[in-house]
Amino acid sequence: MEEQLLSNEGNKFPISTSCSSSVVLSTCVVMCGSLAYGFAVGYSSPVQSGIMADLGISIAEYSTFGAILTLGGTIGALVSGTIADMVGRKVTMWIMDLCFILGWLSIIFAKSVWWLDIGRFLMGIGAGLLLYVAPIYIAEIAPKSIRGGCTAVFAFMLYFGFSLMFLIGNILTWRTLAIVGVIPSLVQLPGIFFIPESPRWLAKIGLDKEVEASLQYLRGKNVDISLETAEIKDNLESFTKLSGSRYLDMFDRRYAHSLIVGLGIMILLQSGGTDAISSFASSIFEKAGCSASFATTTMGFIQLPFAAMGIFLLDAAGRRPVLMVASAGTCLGNFLVGVGFLCKDYDQMSQLTATFVLVGILVFAIFFSMGVGGAATTIVSEIFPMNIKGSAGSLAIVCNWFTSWIVTYAFNFLFEWSPSGVFFMFTFFSGLMILFVAKIVPETKGRTLEEIQASLTLLK
């Protein structure tokens, strides 16, 4: 068995590396879900004053509304791997779309805070499913030479949706903005009919003819897919015989490296403050004495070109360098914001607060959109073998959402207590990400999923 796995790792099958129109179409359809999630994340910041005034809710109630997305996401993530393994990647995306649509409708017609919370909770469940199934699906259909870029497009569309909410949120009312938010899911729902199921999932459930049909559609009619098909099947058979595919198998010692990498990246990603800053950017800028509308609009504009740059960097420079450099940038951004709020405590330096906070948040946004989100998502989608991908991938996304919920819910209270302290805390965790990646995270650029997963598995 050991020889078989090592053979798979070392054997460089001449697998197609071209990007067919089918891969482009499939990626575009999946990106609608990423856009929907970006809309959901970016929605709460620009509409805060409007919702609080119209429905007469308190800051504590609005904090719950902002944070409940992550609670729903945690629940969605808990079942995401199981659902995706049972019914497939496509059906999971349909369920995800229904959650987003029902959630937005609840917000559009909300008459009280309960309807807002229900809607945002449903969107959270959809987002929990999305963050597992979308990157996994893209990684399973894309050729290895462009897999990083295709997965980075997922992050780009998230930032695009987030930025668009910030830009038009200063113009539209909160109900109208919610109508805009539901559009991507309405587009994706029928679009899923026109994309193939993941060939690796089809192989897992034993549909050999469907595996070949899916791969042929994705790679092109005239491409020889026999070697890629053989590698997928051989790798799946090897890992299944090695330990089976039960839920608790992911805690086997042989998978310790991949599990530590996946969980560590997701926890540190959220501990750096990304969702808290995204959800409450307006209140952060107002506290610093900045114009919230100008600052959020600038933040929205500045993220997009750097997120687009990240699409090319992941396959050109590699996942590890991009993640380490981008994490250093977010660390610097958080530090500048912390210094800015620290200046506010000293009369002679208080005029510097707005400048430091604005520059710090923009630096954070630039580097996060350029690499932290995209690289982290790409790595986690690549490292788990098929026999534990559902359970381990789901657990990684649960860690992401649960950490996000803790940070997002606690942020307003910590921010009121010590604005500088909370950002210095974010600085520490952003710096910790650099060390974690340098010491533990492997490079996955230019390798097939089967090669990556075999190299990370401790053989007995």
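Heads up, the Cβ atoms here are built off N, Cα and C, so glycines get one too.
Here's what TrEMBL has on this protein:
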type: TRANSMEM; residues: 21-42; note: transmembrane segment
type: DOMAIN; residues: 26-445; note: domain 'Major facilitator superfamily (MFS) profile'
type: TRANSMEM; residues: 62-83; note: transmembrane segment
type: TRANSMEM; residues: 95-115; note: transmembrane segment
type: TRANSMEM; residues: 121-139; note: transmembrane segment
type: TRANSMEM; residues: 151-171; note: transmembrane segment
type: TRANSMEM; residues: 177-195; note: transmembrane segment
type: TRANSMEM; residues: 255-272; note: transmembrane segment
type: TRANSMEM; residues: 292-314; note: transmembrane segment
type: TRANSMEM; residues: 321-342; note: transmembrane segment
type: TRANSMEM; residues: 354-380; note: transmembrane segment
type: TRANSMEM; residues: 392-415; note: transmembrane segment
type: TRANSMEM; residues: 421-441; note: transmembrane segment
Region pair the transmembrane segment (354-380) / the transmembrane segment (21-42), three or more CB pairs under 8 Å: no
The domain 'Major facilitator superfamily (MFS) profile' (26-445) [mean pLDDT, rounded to integer]: 87
Selection from 121-139, 321-342, 392-415, the stretch that has most Cβ pairs under 8 A to the transmembrane segment (421-441): 321-342
Stretch with greatest number of CB pairs under 8 Å, the transmembrane segment (95-115) reference, 21-42, 121-139, 151-171, 321-342, 392-415 candidates: 121-139
